[in-house]
Amino acid sequence: MVTTHNLGFPRIGAHRELKFALEKYWKGESSRAELKAVGAQLRARHWQDQARLDFSPVGDFAFYDQVLDMSFTLGNLPERVRGFHGDALDNAFRVARGRSAHGADDHSACCGGVAAGEMTKWFDTNYHYIVPEFDTNTQFSLDPSRLLEQIKEAHAQGVKAKPVIIGPVTYLWLGKAKDGSDKLTLLPRLLPVYAALLDYFTAQGIDWVQIDEPVLVTELDARWRDAFVPAYDALAARRVRVLLATYFGQLKENLELACQLPVDGLHIDAIHARDEVAQVAAQVPETAVLSVGVINGRNVWKTDLNAALAWLEPLHATLGDRLWIAPSCSLLHSPVDLNSERKLDADIRSWLAFALQKLDELTLLASALNNGRACVEAELLANAKAIESRRASPRVHNAAVKAALARIDASLGQRANAYPARAAKQAAALALPAFPTTTIGSFPQTADIRRARSQFKAGELDYAGYKLAMEREITRAVKEQETLGLDVLVHGEAERNDMVEYFGEQLDGYVFSQFGWVQSYGSRCVKPPILFGDISRPKAMTVEWICYAQAQTAKPMKGMLTGPVTILNWSFVRDDQPRSVSCRQLALAIREEVLDLEKAGVRVIQIDEAALREGLPLRRSQWNEYLQWAVESFRIAANGVQDETQIHTHMCYSEFNDIIASIAEMDADVITIETSRSDMELLDAFDDFHYPNQIGPGVYDIHSPNIPDQAHVVDLMKKAAERIPAERLWVNPDCGLKTRAWEEVIPALKNMVAAARTLRQAV
């Protein structure tokens, strides 16, 4: 019999219940007990949703981040929070969110002067994790309480529980040695803690534990590869059986290593590594199970079940009961339930599957394998009909878009003159001071903004009323910026629910869900648009709002656009053509908008590419191909303007030392980047690479409620000036201010502007 299991389930709830519970608690509007009760309710519901599986994951739920939870389980707390003796959950929030000392209050979630932990992307996804912190003296001590509590909850509900933990090698690989020490030297200290944790699982009656080692799909150097055998030799004596899980890519040169580790089962991503399955099946021990991830855990398209069965049936004949099937990775990256969607176009809806529907697909495959296709004949027929409907749909294919793609040539990506000539013209046109100040684009999404948008979408407010409400917010944002003394202003993006969804809603080839939310970090959720067909722009998308904002001020107003690479990487993308083709289609659409903004008199245009690095393949050997079409797409979008028009781009969480040459090839006049959480370490890239254009290193972390100190901003900019000539530096936050409150934004920007004025005095 084929065994079914899941690697992880979305934790936010079908209607973002976790998000709202967290934010209510952080505001002091609910108790810790109430927050924990919401968590327990979500876990119970999600286990019930997975009751049809042979094994359900336990420990995949986290109030903020699973890597942060693993740090606490291993007793690896940053030094700055070790003196806190309150509830562990509040301490985790201290690490995740930070807190400025003068922002402290008596609420239990208050964090008292604590810097937020560094946050970065989880492999090549749009999920963020809190980076574990190490140094030479790091010690580990087990705290299994969170996992044991969830196991007891699951057992009380009758769940066949499979605890999920991050493996020791991946955990060290994900972290950062603050003193530059060798992280691998910590492995001997870490392994006894893992062994003790496995013994706790045995004592709880656990049969299988899932240990995630996704680092095995990356290009590891010899030292990291060599760490696996002693690590798993040290854990092999435990009585609980271990399923080693890899996902997000192919094993390649690590395949033989993975197959030889002393574990009881191996999971591989059969979406990205299908060609390796036969080799893995031949190499794993005859006593080991092989779990194949046959349902795509990172996209929203229905699985072609007939094709999947045709591939699985021979494998099942070979492996028999040793075959397990699962999604390719945790369903954390998938929306929860397609059945919540009431407004989706019926045809397009028939092509989709969210997390719960993916589990339906999984159990249907198992039924067909265990009992024969005849028992699910009707379901297979319906699936085949949906697959063919999508393949042949005229809504997917647009001849005019394909013709425009065919006409692309190198000239579309070229500015008239090189940066030095452009910079001189832009300086004359904009007349900005030294260390010019700006923000990244968005300002707080207030309750009034959200209410107006909700009423407009519900038909309770007509467009005239909605437009008036948005113009009121834009006017406020402009006035606040003028009062603060910022140099290049933004309109604040009041009209935008999300930096990708906003554009997708206005592009042909996209469709939108109501409840297709996925977690980005903490309480931050995003609702990626669904790119289902060829992309085109029917009409201007932003010009009206930017022109209104520009009319409110004599200062330069930035046009704000999301770049083609980021729109692509933050969408659920069609899987019937190369991503590069979809990206070029997006580039042509954004190019049209850029030219319309310039025609309307906008002289500073920002094209955000926050997710450029996120799209990098996990293997460096595959980077060049991606970077070539990603940079080309940006240049197509940006480079049709006159020399006097200044093009900005923004990148967040982008450790870009290793792609700095490609970023320079984008040829944006100004790039703004996230550097505050890493204390300007990202600027190390400029020690060895002469970046030719202007740069704005983010001087404070907008993901934390901390208010930046003026002197600290000055110090950060002085560090930046050691690498970048002062005349090419901008002063800005590290990201948009959408998630902050005005009460936090105004003092933060006030200190930032004051710091810039201090810096000008020294020029």
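Cβ coordinates come from backbone N, Cα and C, glycine included.
Straight from Swiss-Prot, the features:
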BINDING   R16, E17, L18, K19, K121, R524, C525, W570, E614  5-methyltetrahydropteroyltri-L-glutamate binding site
BINDING   I440, G441, S442, E493, D608  L-homocysteine binding site
BINDING   I440, G441, S442, E493, D608  L-methionine binding site
BINDING   H650, C652, E674, C735  Zn(2+) binding site
ACT_SITE  H703  active site, proton donor
What subset of the binding-site residues K121, E674, C735 lies within 10 angstroms of H703 (active site, proton donor), using C-alpha positions?
-> C735
Among R16, K121, H650, H703, which are recorded positions, the residue with the most C-beta atoms within 10 angstroms of its C-beta | H650
Given the binding-site residues R16, C525, C735, which lie within 10 A of S442 (L-homocysteine binding site) by CA-CA distance?
-> C735
Nearest recorded site to C652 (Zn(2+) binding site) by CA-CA distance, among binding-site residues R16, L18, G441, C525 | G441
Shortest C-alpha distance to C735 (Zn(2+) binding site) - which of the binding-site residues R16, G441, D608 | G441
By CA distance, which of the binding-site residues (G441, E493, E674) lies nearest to R16 (5-methyltetrahydropteroyltri-L-glutamate binding site)?
-> E493
What's the CA to CA span in angstrom from H650 (Zn(2+) binding site) over to G441 (L-homocysteine binding site)?
-> 10
Give the helix, strand or coil assignment DSSP yields for K121 (5-methyltetrahydropteroyltri-L-glutamate binding site).
-> strand
Quick one: Cα separation, E493 (L-homocysteine binding site) versus C525 (5-methyltetrahydropteroyltri-L-glutamate binding site), in Å?
-> 18
Nearest to G441 (L-homocysteine binding site) in three-dimensional space, by Cα, is which of the binding-site residues L18, K121, C525, E674?
-> E674
Name the residues of the same chain, 6+ apart in sequence, whose Cβ is under 8 Å from the Cβ of L18 (5-methyltetrahydropteroyltri-L-glutamate binding site)?
-> R11, I12, V38, G39, L42, F63, S523
CB contacts for S442 (L-homocysteine binding site) [other CB atoms within 10 A, all chains] = 22
For the L-homocysteine site built from I440, G441, S442, E493, D608, further residues of that chain with CB within 8 A of the site's CB center | T439, V490, M499, M560, Q606, H650, C735, G736, K738
